[in-house]
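J.: Sharing the record's features from TrEMBL:
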type	residues	note
DOMAIN	27-227	domain 'ABC-2 type transporter transmembrane'
TRANSMEM	46-64	transmembrane segment
TRANSMEM	76-100	transmembrane segment
TRANSMEM	121-143	transmembrane segment
TRANSMEM	149-174	transmembrane segment
TRANSMEM	181-200	transmembrane segment
TRANSMEM	235-257	transmembrane segment
Amino acid sequence: MDKKFVEQGRLALADLNEAVRLSWFWLALGWVDILQRYRGSMLGPFWLTLTTAAFIAGLGPLYAQLFNLEMAQYLPYLAIGFTAWGFINGTIADCCNAFIFAGDTLKQIRVPRLALLFQVIWRNVIVFAHSLPIFVVVLLFLGPSMSPVILLVIPGFVLVVLNLVWIGLVVAILCTRFRDIGPIITSVMQIAFFLTPVMWDHRNQRVDEIYIAINPFASYIELIRAPLLEEAPDAIFVVVALGTLVVGSALAALLFIRARRRIVYWV
């Protein structure tokens, strides 16, 4: 094995260890980002919650009729799916600029590259947490049964976040090196929204299962949505999420090893 590659791999691992050790750093910066972004706003990130709630309340009844579904069945499905998609899409979009927006920081101080990525992901987790009122309303809408299956949302969410880490790292590096990649990713995510069962239920539509199985975003959303609907996620979704985590993390690690030392020259 190339000695230079081994050395770069050691430095990449050291970057990860340093980012984990400095967790207080990117956790604090994530909170600061939220405070600065919504400074002067009365509702802050809750504006996103209200926007999402308005979207669901406006389109929910319409699409329930289009799909010939009961409101009690469709509205929770749409609410959770759309909110989960917003988290996934928003995280990937922000990760495109993770290194670009931190260019001055990278040039002035020694900071782990991965810490900057973790900061972006943590910031989006905070924004996603502001959607909890929507989930509470959905649970009340479903009734007070509160099945223990709901607890599966915790490992499901963790698995989704871990997948977003490697996806975010890949897009962050590519968008830093090639600035045209960002708009391409935005367009791809817009198409993916319609190809992913966010607003439509694959179980009630005539859609081949293969189209759901090969779409990792469908698995990520179901890992969050199914438990909140008091259903255990299908095994295929768990397998796909674990598979993309293993393969994607390996590819992201190789890319990071190759690109880590060059990032500061690209920003």
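Using the three backbone atoms N, Cα and C, a Cβ is placed for every residue, glycine included.
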J.: Do at least three C-beta pairs under 8 angstroms join the transmembrane segment (235-257) to the transmembrane segment (46-64), pairs 6 or more apart in sequence?
T.: no
J.: How about long-range neighbours of the transmembrane segment (149-174): same chain, 6 or more residues beyond its ends, C-beta under 8 Å?
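T.: For the transmembrane segment (149-174), the far contacts come to 84, 88, 91-92, 95-99, 114, 117-118, 120-121, 125, 139, 181, 185, 216, 220, 223-224, 226-228, 230-233, 238, 241-242, 244-245, 248-249, 251-252, 255-256, 259, 263.
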